[in-house]
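What follows is a single structure, written as structure tokens, with notes after it.
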Amino acid sequence: MGGTRIELVDNGDVRGEWVRGPKTSRDDIVVLYVHGGGFVAGSPRAYRGVTSRLSTALRAPVFGLAYRLAPEHPFPAAPHDLDAAYRWLLRCGYRSDQIVIAGDSAGGYLAADLVIANARAGLPEPAALMLFSPMADLSLSIAEVHDGAVDEGILSMSVARAAVAHYLDGAAGAHDLRPAPGMSLPPTLIQASTTELLGGDAVELADRFRRAGATCELQMWPDQIHVFQALPVVVPESRMAYRAAAQFVAAITGASQRPAM
């Protein structure tokens with residue numbers, strides 16, 4: 001977006017970029033954004049269209065994380081990088097209840113995994129969790145039986161299977177996104193399409209969070225593509241999704257201003 005300010009970060013442990021949209025005015029919250037790309041592709045730069053619009057909608061700074069990608073860096077490199085980024089934000093002076101963790105697709109899996117891991121360790125939960133078209137099941141068994149999925153030309157089962165195989169690289173121990181009942185989990189927003197491959201993952205993940213006692217708002221948008229939020233110029237519903245995300249965060253953080261988008 002025009003007027004967006006970018007500040008690159010590379011301190012050895014954490015790499016990424018601060019993104020501040022043209023209407024950024026809040027300093028009481030920050031978004032840690034985990035881009036998608038099937039664990040093997042993507043970058044903060046490639047996702048500036050998303051992070052700049054999210055920053056503008058929330059009027060808050062967004063930190064886009066550059067985490068290590070498979071196959072050169074399989075599991076557990078990406079979760080380690082995300083954990084390091086979260087702890088870095090805490091060292092920067094943000095409290096956990098000032099940090100919104102967000103991500104899309106594979107990045108949504110990583111974001112949810114971090115929140116569940118922190119809850120399992122008894123650490124304070126962040127202010128909120130926002131997930132766009134998240135992957136919830138690395139076995140892809142949910143996607144296999146999702147009745148509503150159509151071939152959208154963006155994400156296919158074969159592509160997803162190859163990406164997960166590169167990410168796991170035969171390793172065991174990748175976390176199943178199943179929060180235990182009574183876990184201290186943040187308010188969560190999940191947005192996805194009814195007709196995308198991972199639509200069933202979104203529904204299942206919302207159910208899992210609710211069964212664990214979390215407040216989880218699920219917004220299923222009909223007849224949209226995977227991570228439709230990335231295409232606001234051609235998909236009007238994308239802009240609506242950003243406004244819904246801004247309203248969700250504003251309600252949690254007590255912001256009085258209207259969303260900027």
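Note that Cβ sites are derived from N, Cα and C of the backbone, with glycine treated the same way.
If you check TrEMBL, you get these features:
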ACT_SITE  SER105  active site
DOMAIN    31-229  domain 'Alpha/beta hydrolase fold-3'
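The residue listed as 'active site' falls outside any helix or strand according to DSSP and counts as coil. Within its own chain, the residue listed as 'active site' has GLY36, GLY37, GLY38, PHE132, SER133, PRO134, MET135, LEU155, LEU198, HIS226, VAL227 as residues 6 or more apart in sequence whose C-beta sits under 8 angstroms from its own. Per-residue confidence over the domain 'Alpha/beta hydrolase fold-3' (31-229) averages 95 (mean pLDDT, predicted model).
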